[in-house]
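Annotated signal peptide per TrEMBL: 1-22, in sequence order. For Gly109, Trp110, Thr111, Gly112, Thr113, Gly114, Lys115, Asn116, the entry in TrEMBL reads ATP binding site. Per TrEMBL, domain 'Torsin-1A C-terminal' is recorded for 279-336.
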Amino acid sequence: MKPSRRHFLLLSVLLCSGLGGAMEPISTTIAVGMAATLTAFLASYQDILYHFTECCRPGWISFNGTGLEEDLNRNVFGQHIASRIILKAVSGFMNNPNPKKPLVLSLHGWTGTGKNLISQLIAENIYKEGMGSNFVHVFTSTLHFPHPSQYLTYKSQLQQWIKGNVTNCEQSMFIFDEMDKMHPGLIDSIKPFLDYYDKVDGVSYRKAIFIFLSNAGGDGIAQRALEFWKEGRNREEIELKDLETHLALSVFNNNQSGFYRTSLIDKNLVDFFVPFLPLEYRHVVQCAMAEMRERQLATNKDVADKVAKELVYFPKSERVFSVKGCKTISSKLDYYT
Ligand SMILES: Nc1ncnc2c1ncn2[C@@H]1O[C@H](COP(=O)(O)OP(=O)(O)OP(=O)(O)O)[C@@H](O)[C@H]1O
Ligand SMILES: *[C@@H]1O[C@H](CO)[C@@H](O)[C@H](O)[C@H]1NC(C)=O
Ligand SMILES: *[C@@H]1O[C@H](CO)[C@@H](O)[C@H](O)[C@H]1NC(C)=O
Ligand SMILES: *[C@@H]1O[C@H](CO)[C@@H](O)[C@H](O)[C@H]1NC(C)=O
Ligand SMILES: [Mg+2]
């Protein structure tokens with residue numbers, strides 16, 4: 001017999017709530033029987049026992065603000081705006097015992113600039129199990145919702161998943177990857193969960209976190225970054241206000257973006273639009289050095305330079321920004337080591 005979702009739920013309810021007082025009214029025979037069954041069950045499912053121990057409780061879910069700050073500073077290169085907004089937004093939300101609505105972040109930018117990376121860092125500093133937590137859910141449009149014509153099916157499925165998971169644990173996190181490839185109707189279907197409602201059908205979503213990842217608006221961001229570069233201004237001088245309004249508008253009005261005319265943006269349900277800047281040569285070098293460190297290789301600047309030089313940069317005339325960000329560094333590095 002394969003361990004099923006139902007067993008998981010039953011056991012996690014039992015283990016997480018403690019077996020103590022609740023057992024009293026049950027007769028001894030039943031209690032003994034249950035204990036025996038439980039023991040047998042646990043013994044034969046040792047590999048998943050590990051998972052049973054994760055509970056929707058502070059021991060497993062607690063925010064580490066210093067941890068997030070350190071991780072952002074140490075592991076994320078060239079994203080001063082995104083790092084700052086993320087730290088403020090997540091800290092503010094997690095330190096508020098009574099949030100009025102769930103936290104909704106929309107991460108935008110060129111490919112390979114760190115959107116998935118930052119989502120991972122957020123998860124790791126909230127959930128002990130990080131991305132492997134049972135309370136972190138990743139939906140990838142092209143994987144989970146591939147056929148636009150079936151969006152009505154997806155819609156009810158997705159709504160049930162979100163409801164079910166938040167019922168299980170208020171502090172659930174949902175990451176929607178490739179949001180720009182998602183059917184606008186599907187995007188709108190999650191709207192009720194994101195709003196300022198006390199409860200929707202008896203379930204409160206106020207402690208959940210929703211993160212949307214997309215390349216929508218990436219062109220506009222790159223354009224602004226290029227203007228700064230051409231004016232000889234420091235990249236760190238680029239501020240959120242230089243990008244934010246423009247970003248929301250371009251995402252909203254672009255009929256290719258998936259967010260096109262969705263009421264998410266209309267109704268201000270997204271708390272923060274987080275722009276990711278395209279990465280320059282020096283950031284790619286930093287990524288290569290970090291990758292070497294991660295693999296516990298001796299860091300070698302020459303190799304990092306070689307790797308960075310292999311990548312393609314845009315625009316054609318200036319060649320400032322890496323077309324794939326830091327994305328292919330890992331495989332390029334294999335070649336040199
Ligand atoms: N700003 C960055 N700092 C450090 N590493 C980065 C950065 N951006 C990307 N990387 C590294 O490059 C790889 C790809 O990054 P990631 O998956 O986060 O990109 P993405 O923004 O999600 O791209 P896409 O839009 O294509 O999904 C990862 O290994 C990540 O660690
Ligand atoms: C928070 O993160 C920091 C840095 O990673 C770490 O030193 C510290 O032990 C963490 N705190 C808790 C409570 O886990
Ligand atoms: C939670 O979400 C996952 C998808 O990430 C889904 O498979 C699962 O059925 C959901 N759980 C509930 C209780 O709805
Ligand atoms: C999208 O917008 C562009 C210009 O804004 C227009 O030329 C194009 O026909 C539109 N496409 C669709 C599918 O509406
Ligand atoms: Mg990504």
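The backbone N, Cα and C atoms fix where each Cβ goes, glycine too.
Structural setting of the listed features?
Cβ neighbours of Gly114 (ATP binding site) (same chain, under 8 Å, six or more residues apart in sequence): Val76, Phe77, Gln79, Ala82, Phe276, Gly325, Cys326.
A mean pLDDT of 94 is what the model gives for the domain 'Torsin-1A C-terminal' (279-336).
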List the other residues in this chain whose Cβ sits within 8 Å of the Cβ centroid of the ATP site residues Gly109, Trp110, Thr111, Gly112, Thr113, Gly114, Lys115, Asn116, in sequence order.
Leu117, Asn215, Gly218, Phe276, Gly325, Lys327
Give the subset of the binding-site residues Trp110, Thr113, Lys115 lying near ligand 1, defined as CB under 6 A from any of its atoms.
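The qualifying binding-site residues are Thr113, Lys115.
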Highest CB neighbour count within 10 A among the binding-site residues Gly109, Gly112?
Gly109
Return the residues near Thr111 (ATP binding site) by Cβ distance under 8 Å, restricted to its own chain and a separation of at least 6 in sequence.
Asn215, Gly218, Val323, Lys324, Gly325, Lys327
